[in-house]
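S.K.: As annotated by TrEMBL, compositional bias 'Low complexity' applies to 357-374. Feature annotation from TrEMBL assigns domain 'Gfo/Idh/MocA-like oxidoreductase N-terminal' to 12-135. Annotation source TrEMBL lists domain 'GFO/IDH/MocA-like oxidoreductase' at 145-261. Annotated region 'Disordered' per TrEMBL: 339-374, in sequence order.
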Amino acid sequence: MSKTASNETRKIRYAVVGAGNIAQVAVLPAFKNAAENSELVALVSGDPEKLAALGERYGVTERGGYDELEDVLRRARADAVYIALPNTMHREYTERAAAAGVHVLCEKPMAMTEEDCEAMIRATKDRGVKLMIAYRLHFEEANLQAVEIARSGKLGEVRAFTSLFTQVVRPGDIRTRSDEGGGALFDLGVYCVNAARYLFREEPSEVLATSLRIDERRAKDVDETTAAILRFPSGAVAQFMVSQGLASVSSFRLAGTEGDLRVEPAFDYTADIKHSLTVGGKTEEKTFKKRDQFAPELVYFSRCILEDREPEPSGLEGLADVRVMLAIQSSAASGRVEAIPPLKLEQRPDMGQNIKKPAVAAPEPVKAPSPSEQ
């Protein structure tokens, strides 16, 4: 990236690392909508067939395997990476990218342990590169409007959050494998935990949870279903259930002393999202049309790099969710309430982060089937 080029003309050069389903149907197509300040210049995957097909599809000549990451980044003169790898690989590739002097946009959940999250934060900080965790809903209008409604006082004192996020995941998919960081909690629960945190704008202090496994074909050594209750210092309570073995549902409801807000499908990127706001016995409904939720992440992160400002969601945001999910796992294993040590965050998402981009058609993936059976 030229040091003398103006911010108006510079584009951040990205390498996408990983070529699974989410990368192919959502991340790679998003570069068209992010062309104002972002461009795709390299692909990294362990599958030569995917690299060849996707390279031809997107006109990307710089590509290589995982062991070639540093060489690919150097040849492509990449400024940033989008890491779309299994959760257990996030730390290694964040550290390698940071060591190469490249900024990191990493899929969520950030990692599987606090140690890994802290190492990722440390690696990027030490090399002076930026780290952002890919929470697409921090830039999505329906969820940001929910944040504004919660803050506005329309609902009175907001005290309750309840959510259901379920899918029927194909047996054998990486999302069902412990060695890849799978299971319902880390795959789906991260959305519910994150939403409760940004809607209440505080960190939970304790949790009680349970997990179960019914279909051994789908979940041999991970949780198929997890339910949790989170208590917050203000007295607010969040409860949610996530499952990889139930029909598709994606919703949350936020209740206060004066009204409630229902959002559905709250966490989806493939459909319109509907608000149903009830205050004083009167209900108003609003539909937010389907949009590209991945291009805004690229546009925003590129702005942060070009303008030298810290992104929200940062690595600390990713760490906050992982700490909560680890406490949920501990509670589910022990059957007891688990305390969550306090963590202070300076940034929370708000409407200032709303970025609208038109929906894009998902291309036919190459050797990367949908994780869901429905």
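Glycine too: its Cβ is placed from the backbone N, Cα and C atoms.
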S.K.: Which bits of the chain, at least 6 residues beyond where the region 'Disordered' (339-374) starts or stops, bring a Cβ under 8 A of a Cβ in it?
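M.R.: Here the qualifying positions are 19-21, 23-26, 28-30, 32-34, 47, 49-50, 53-54, 57, 135, 137-141, 143-145, 147-148, 167-170, 173-175, 198, 201, 203-207, 247-248, 270, 289-292, 295-296, 299-300, 310, 312-314, 316-317, 319-320, 323-324, 327.
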S.K.: For the domain 'GFO/IDH/MocA-like oxidoreductase' (145-261), what's the mean pLDDT in this predicted model?
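M.R.: The predicted confidence over the domain 'GFO/IDH/MocA-like oxidoreductase' (145-261), as a mean pLDDT, is 96.
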S.K.: What is the number of residues in the compositional bias 'Low complexity' (357-374) that are helix, strand and coil, as DSSP sees it?
M.R.: 0 helix, 2 strand, 16 coil
